[in-house]
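Q: For reference, the structure I am asking about is given below.
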Amino acid sequence: MHIDINGWKHVFKLDPDRDIDDSALERLCLSGTDAVMVGGTTGVTFDNTVDLLSRIRRFEVPCALEISNPDAIVPGFDLYFIPVVLNAGDPDWIVGHHHRAVKEYGPMMQWEQIVPEGYVIVNGDCSAARVTGARTELDPDDAVAYARMAERLFRFPVVYIEYSGTFGDMELVKRAAASLGGARLFYGGGIDGAERARQAAEAAHTIVVGNVIYENLDRALETVPANPDGTERLA
Ligand SMILES: CC(C)=CCC/C(C)=C/CC/C(C)=C/CC/C(C)=C/CC/C(C)=C/CC/C(C)=C/CC/C(C)=C/COP(=O)(O)OP(=O)(O)O
Ligand SMILES: O=P(O)(O)OC[C@@H](O)CO
Ligand SMILES: [Mg+2]
């Protein structure tokens with residue numbers, strides 16, 4: 001099945017290291033979201049990733065793995081998102097892990113399933129910032145420069161502005177998105193209900209909703225534009 005991420009406006013990100021019951025998973029997968037992404041910064045293992053994938057596969061929603069741990073690369077996802085943290089302090093998170101993984105998996109990789117993400121981490125307090133040693137003191141001009149680098153220098157199809165755990169500066173996100181030609185701007189961080197989903201969807205091409213799933217499922221479901229309870233779909 002060919003999956004076109006250019007149609008994605010809303011994505012739920014599920015963390016294999018966190019518990020979710022069958023009924024909640026069903027409501028998420030049938031919500032009208034465009035895709036479910038599996039990923040997290042810590043505690044992601046092969047076993048908990050296989051387990052979550054097999055449960056999501058009871059539904060038709062596209063399912064992507066965002067790889068954060070080279071030991072948890074599980075076959076059977078529709079797509080594999082590969083973060084390249086452009087503002088990482090440690091180059092291992094820009095090319096190091098990737099080099100080792102491609103050395104191991106290169107011959108068996110289906111490149112059409114691979115979606116490289118130019119990742120820019122802006123919240124210095126999140127786990128991903130700590131793990132990667134990200135330089136998160138960025139103003140909107142810095143974000144625009146990273147977005148342009150990601151698209152024009154490195155030809156990434158996705159630029160991901162990551163505020164994981166906190167709602168970000170929508171002007172910064174808007175400016176980064178406006179600087180792009182064809183690449184897609186994914187925004188994630190602190191979307192905890194319909195109002196923030198609406199604001200983020202005005203700024204970014206694709207919004208990603210994570211933590212609120214585990215804190216308040218009803219509010220998470222309100223963030224889906226296609227859901228009857230969700231925000232109005234934005235152009
Ligand atoms: C057999 C088979 C399936 C073959 C497939 C081959 C294949 C797909 C190979 C992949 C090759 C490849 C290049 C892999 C990359 C390897 C790798 C480990 C790259 C590093 C990724 C990276 C930079 C991770 C850093 C952390 C990060 C940016 C994570 C993204 C997700 C994220 C931020 C989630 C939020 O985390 P959360 O836990 O929710 O955090 P909070 O506590 O803040 O909420
Ligand atoms: O968990 P939240 O804060 O919703 O962020 C979503 C996603 O960007 C995390 O990688
Ligand atoms: Mg999280």
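Keep in mind that glycine also has a Cβ here, set from the backbone N, Cα and C atoms.
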Q: What does TrEMBL list, out of G43, G124, G133, G190, as binding the same sn-glycerol 1-phosphate as K13, Y160, I161, E162, Y163, S164, G165, G210, N211?
A: G190
Q: Among the binding-site residues D15, Y163, G165, whose Cβ has the fewest other Cβ atoms within 10 Å?
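A: The binding-site residues D15, Y163, G165 were compared, and G165 has the fewest Cβ atoms within 10 Å.
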Q: In Å, how long is the longest CA to CA span across K13, Y160, I161, E162, Y163, S164, G165, G190, G210, N211, which the record gives as the sn-glycerol 1-phosphate binders?
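A: Binding-site diameter by Cα atoms for sn-glycerol 1-phosphate: 17 Å.
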Q: Please name which of the binding-site residues listed here, I161, Y163, G165, G210, is nearest in space to D15 (Mg(2+) binding site), Cα against Cα.
A: G210
Q: So if I draw a 10 Å sphere around the Cβ of G210 (sn-glycerol 1-phosphate binding site), how many other Cβ atoms end up inside it?
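A: A count of 22.
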Q: For the binding-site residues K13, D15, Y163, G165, G210, which residues place their CB under 6 A from an atom of ligand 2?
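A: Cβ < 6 Å from ligand 2, in sequence order: K13, G165, G210.
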Q: C-alpha of I161 (sn-glycerol 1-phosphate binding site) to C-alpha of T41 (Mg(2+) binding site): distance in Å?
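A: The separation of the Cα atoms works out to 15 Å.
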